[in-house]
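Asks: Once you've had a glance at the structure underneath, I'll fire off some questions.
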Amino acid sequence: MPDMKLFAGNATPELAQRIANRLYTSLGDAAVGRFSDGEVSVQINENVRGGDIFIIQSTCAPTNDNLMELVVMVDALRRASAGRITAVIPYFGYARQDRRVRSARVPITAKVVADFLSSVGVDRVLTVDLHAEQIQGFFDVPVDNVFGSPILLEDMLQQNLENPIVVSPDIGGVVRARAIAKLLNDTDMAIIDKRRPRANVSQVMHIIGDVAGRDCVLVDDMIDTGGTLCKAAEALKERGAKRVFAYATHPIFSGNAVDNIRNSVIDEVIVCDTIPLSAEIKALKNVRTLTLSGMLAEAIRRISNEESISAMFEH
């Protein structure tokens, strides 16, 4: 069996180190930096010939820089005769550009990125909670899309929730919310119907379901500006919700996210470590982070040993 080696770019160094610790190994020796003009510079400083290589790199902000780091690292490892290269992308950027609505003159950038990664020599992709699962079909190589829900669920069960109800912040998240509700002792579910007048601006319309006197658990795949969740929480509290907890896998926290969350009525925001948090977000008392390092380490181990990934999520 080829030697398994982990490498990491500059996007998620803490998560990469946690994964390495879980696997009782160390990160590979690679210098990933910049030339004086800003171009990505990569130097692999150890033998990887024939190795089973995993590159841990989210394509979060700065998205283009982190994507280019990943691509250039793949090329460097491929030219160094790596046996198999798996791109471990905890957060897959550009995933929201996955279709042309009403044949609008826009790109399907998720497909462009998938082609880019395939063309430079990625043999396999491991990612977490793709914004749209069908993005897996954009790739010409195997994609393992694992879920953060078991980690989130474990935390929910420790919250001492009183008469909980799982809430989807929009119609598109119903499937995710239903799955969480089923695992959370088959609890009830509510849906927030909203309309989005323009990008990153959400207007809550009304709530489908009875939330009065209950602990509400909002679940989503990501938090961007936080506008959706904060307005959803306001609507829930107006309808008599007792407490509101917001759970999401990917903490993008762009734009006015810090102010939105600081001034919101959300009791606690719980996210995963697929994207590093800024100092401003870390300073917020109602934001807490869970690590996916154990789950990703197990997925990497299974891929390296040719074991089933889907078996991790069988209940």
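Quick reminder: no glycine exception, Cβ is built from N, Cα and C everywhere.
Annotation source Swiss-Prot lists ATP binding site at Asp37, Gly38, Glu39, Arg96, Gln97. Residues or ranges marked as Mg(2+) 1 binding site in Swiss-Prot: His131. Among the features that Swiss-Prot reports, Mg(2+) 2 binding site is placed at Asp170. Per Swiss-Prot, the feature active site maps to Lys194. What Swiss-Prot lists as D-ribose 5-phosphate binding site is Arg196, Asp220, Asp224, Thr225, Gly226, Gly227, Thr228, and the listing cites sequence analysis.
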Asks: Same-chain residues six or more away whose CB lies under 8 A from the CB of His131 (Mg(2+) 1 binding site)?
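Replies: Counting only residues 6 or more apart in sequence, the Cβ neighbours of His131 (Mg(2+) 1 binding site) under 8 Å are Phe92, Ala95, Arg96, Asp98, Asp221, Met222.
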Asks: Per 10 Å Cβ neighbour count, which of the binding-site residues Gly38, Gly226, Gly227 ranks highest?
Replies: Gly226
Asks: Just to verify a number: CA distance, Asp37 (ATP binding site) to Asp224 (D-ribose 5-phosphate binding site), in angstrom, no decimals.
Replies: 31
Asks: Given the recorded positions Gly38, Glu39, Gln97, Lys194, which lie within 10 A of Thr228 (D-ribose 5-phosphate binding site) by CA-CA distance?
Replies: Lys194
Asks: Between the binding-site residues Glu39, Asp224, whose Cβ has more other Cβ atoms within 10 Å than any of the rest?
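Replies: By the 10 Å Cβ neighbour count, Asp224 comes out on top.
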Asks: Do you know which of the binding-site residues Gln97, Thr225 has the most other C-beta atoms within 10 angstroms of its C-beta?
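Replies: Result for the most crowded candidate: Thr225.
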Asks: Find the one among the recorded positions Gln97, Lys194, Gly226, Gly227 whose C-alpha lies closest to that of Asp170 (Mg(2+) 2 binding site).
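Replies: Going through Gln97, Lys194, Gly226, Gly227 one by one, the closest to Asp170 (Mg(2+) 2 binding site) is Lys194.
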Asks: Using Cβ atoms only, which residues of the same chain lie under 8 Å from Asp220 (D-ribose 5-phosphate binding site) while being at least 6 residues apart in sequence?
Replies: Pro169, Gly173, Arg176, Thr228, Leu229, Ala246, Tyr247, Ala248
Asks: Take the C-alpha atoms of Gly226 (D-ribose 5-phosphate binding site) and Glu39 (ATP binding site) and report the distance between them in angstrom, rounded.
Replies: 32
Asks: Can you tell me how spread out the ATP site is, meaning the largest CA to CA distance among Asp37, Gly38, Glu39, Arg96, Gln97, in Å?
Replies: 30
